[in-house]
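Novice: So TrEMBL has the following annotated:
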- 26-44: transmembrane segment (TRANSMEM)
- 76-267: domain 'Aminopeptidase N-like N-terminal' (DOMAIN)
- 297-511: domain 'Peptidase M1 membrane alanine aminopeptidase' (DOMAIN)
- HIS373, HIS377, GLU396: Zn(2+) binding site (BINDING)
- GLU374: active site, proton acceptor (ACT_SITE)
- TYR459: site 'Transition state stabilizer' (SITE)
- 594-895: domain 'ERAP1-like C-terminal' (DOMAIN)
- 936-956: transmembrane segment (TRANSMEM)
Amino acid sequence: MCCICSTQIFVPFVIVRNLQNFRMRLVDRLVLVAIVACGCIVVSQSSPLDPDRYLLVEAEPRAALEDYRLNEEVWPSHYDIEITPYFVAEGTKKAFTFDGRASITVKTTLTGISTIKLHMARMEITSWSITRVQGGADVPRNPEAYDPETEILTLSMPTPLTPNEEYQLNFVYIGNMDEDMHGFYRSYYLVNGEKVWMGSTQFQQTHSRRAFPSFDEPRYKATWSIKIIHTPQYNVFSNTPIISAISNGAGRTITTFAKTPVMSSYLVAFIVAPYETTSRDEMGILARPQAQNQTAYSLDVGLQLLRALGDFVSYPYTSVPEMSRMYMAAIPDFSAGAMENWGLLTYRETNILYRSDDSTSMQQQRIAAVISHEIAHQWFGDLLTCEWWDVTWLNEGFARYFQYFGTQLVEKNWDLEHQFVVEQLQGVMQMDSLRNTRPMTHPVYTQAQASGVFDNISYNKGAVMLRLLEHLLTPERFRTALREYVRENAYRTVRPDNFFTVLNRFEATVKMHLEPWTVQGGYPLVTVTSTDKGFTLTQRRFLVDELTHNDDTLWSLPITYATKEADFANTQPTFHEGATITLEVAGAADAPYFILNNQQIGYYRVNYDAGLWGKISKALHSERFGGIHVLNRAQLVDDLFNLARGDVVPYGTALDILEYLKEETEYAPWLAAVNGLTTLARRVHEEDEQLFKHHILDIFSKVYGVVKFQPTATNERRVHTYLRQNVLQWACNYGHEECSEAAVKEFERFFQNPTIKVNPDLRQVVYCEGIRKGTREHFEFLWNQYLTSNMATEQILILQGLGCASSKELVNIMLDAITTENVRPQDKSNAYTYVINNAYTLPHVSAYLQQNHAIWAAAHGSYLNVASAFNNLLARLKNDAEKDKISAFIETNKAVLGTAAYDSIKRGLGDYETNKQFTTKNRDEIRDFLKKKADGGAATVLTNVSLIVGLVVLALSRQ
């Protein structure tokens, strides 16, 4: 839906239990209202904890950038908010609207101020006034003005406000409970097939203005008093405890909540729902009644994390007087992964509801990690708040850091630092190696820009810098610094200088070394060459698509290195400046290897000269991998894949070194390998895929024998369980006979007797292989399991399995299902991704989108979502004929698509050509390696020295 225009796309609810005539029924029930080109539209984009969040995105700002920001003339100190929601029509009150009253206490310290600017959106203000707090006299006023582009309401008076005198802004208004999961919105869950409606909030970044007029920027902290006037069948919850609940004499209850601590508008929250509470001590879990049996783990781990993190920062949660308890709520429809509203944390059901007999080990970890992330925000985001979204990393970087290292305080045996390195550090390097990346600290003005900085740069890179700081200062001094930072800035908004000021007390050069990493985008490639006395390091920005460029950005490099196993324990770096660095290392020539960046503490890639790569390869192929630390093995794997992708190291050389994976049995290097292989698989030429299949089955052979197709063993290392899931998925996908037979056998057993479920940690591969090798009857069986499941985590596993269908008939049925409300809006994008990750579906999906583009646009919100679907497909496509069909389709339907969607798909077609050029350019080398290996004669890196030497000379000549 457009954020300014009132025209909507409407799709009546369709609940399909029987798949017969599924598509005909969908089309018959579809009502498509004209799509109006608005200033902003709903599309799927990245989020704090999940990649499928619906955000408002504008094509271009239509006002001066500074006009999107409020001025600093008037400041709020307190809000009184009263909300009366209507889930059904009552007299003249429409369903899914709410009556609102807001009184905002404000003052100015300046003279001559006769206007007040604040935000509002998606509401009708029926009356407003300005009164003096002292005496209550009305202040004369002029007509208000509203800018729908900036969503700023301007109130003006004929005479200026008196400095340092308090005034009240009073509003009576009608708001809308929309379905887009922003503002105060509506959601539902099913009981015996009937919808039970509820209301919840999501105000970050700029959506409190949809629930009440507000100074909707984080710097405007104030206290809040909330009242909800509701019907008796509903329970209500907000940031603070209830202080009274009385009848209004008209069939509703007036529930009043205690005044909050001073906080930003985006942290206010309230829920109106017939929820039940499971509580212990200072924490409670809120959920629909049918899900109460899924809350025990969240309550247990949540309490442990709340106390552990409070101890870590030496500032217990309940030391904030207003926060005597914390609620965590499971919301059926939720745009983000979770939200840190102070005292009332909200979550997708998949991120808080857990049962050991119905959820995977990874889902359990995600729940603990997301809870840790949100609880960490109670200090880093709520108590201390980034002053504006340009420094979002001061909120989200800390929360992402504690997502791993906070969870590690409670769940000590999950090897979370190993996972952090691959998932967070290596993960953000992909985005940060592109020309269009941005710095951590980055100007934003509009709603779209504010949404856009909630990305991997703010989250992952921010957390990576904190991990670097921890190792630089030592864990003890780092913890002490954080405690001082929290204590000195409590209840305030912060900028990076507030943080660096504290850090510099512990290490005087921290700001000098670390600040450039926050204000410069990207990261360096460090090239290591041997010298007579040691090594020379040369840094240059790494741009994966631009081997030759003129960017001369330099970073202060945190250097550690290892020439033997014991050296990897040293993770306290020394910073070095300059484009070229000389390291004198005694006995360098005789060292078995030289590896830079111990345990990948620093944020950079490393390339080596031919001789050093040869030594590293020899070590990796030796007993115990030459003592190279597991995280550095993961680093080498990730660097080799990306250096080959960036044309720094030939693919043949990289793949040759990576043959060492045939002996690898640790999770972190394999996770890095899976990430690299996923990208490579999309670029292998279509005619070489059988050779690539042979390669995959070969390198996975030993590790498959280690993990085996078997349930998780008692006391098994957690990461070994995750390794099994990855290995089985790849083995079955590429036709490993034993894997496929075992998975199909288990699915068939489940199909015959659904009362005995599949082990949760095997479900993904069993469901996938069962559907891939099964019939329509098997598909319908699993779809009915989805419809009747009470577990959101199980529904996600089933969607993954259904996405493995390959026949046109079943692919079309699956895509039809995605367009109905049976797949919730928050899950639609993931469900589609599960389908197109199966390469056999791509022609069917392309044909479906071309035939059913109007249905897809209606179900997903706009034609930009059609464009997104085509572009994600094009990123995986290798067939020119299918590409040409898409190209012809958009030309024929240019007017229907609209300019924005048409231009987006055109860019996707351009990216297809770029990918094709990449494939063509590298095909010979990749194919030669794969063919030689298939013929039984894969070369080792030691016989490829001349090739590497030529490469090094070439690379140096381009610098």
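Glycine residues also receive a Cβ, built from the backbone N, Cα and C atoms like all the rest.
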Novice: Rounded to an integer, what is the Cα-Cα distance in Å between GLU396 (Zn(2+) binding site) and TYR459 (site 'Transition state stabilizer')?
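Specialist: For GLU396 (Zn(2+) binding site) versus TYR459 (site 'Transition state stabilizer'), the Cα atoms are 5 Å apart.
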Novice: Could you list the residues of the same chain, at least six apart in sequence, whose Cβ is under 8 A from the Cβ of HIS377 (Zn(2+) binding site)?
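Specialist: GLU340, ASN395, PHE398, ALA399 - these are the non-local Cβ neighbours of HIS377 (Zn(2+) binding site), listed in sequence order.
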Novice: Between TYR459 (site 'Transition state stabilizer') and HIS373 (Zn(2+) binding site), what is the CA-CA distance rounded to a whole number of Å?
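Specialist: Here the two Cα atoms lie 11 Å apart.
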Novice: Write out the long-range same-chain contacts of the residue listed as 'active site, proton acceptor', meaning residues 6 or more apart in sequence whose Cβ is under 8 Å from its Cβ.
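Specialist: Those within reach of the residue listed as 'active site, proton acceptor', by Cβ under 8 Å and sequence separation of 6 or more, are MET328, ALA338, MET339, GLU340, LEU345, TYR347, ALA399.
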Novice: Could you tell me the mean pLDDT over the domain 'ERAP1-like C-terminal' (594-895), as a whole number?
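Specialist: The average pLDDT of the model in the domain 'ERAP1-like C-terminal' (594-895) works out to 96.
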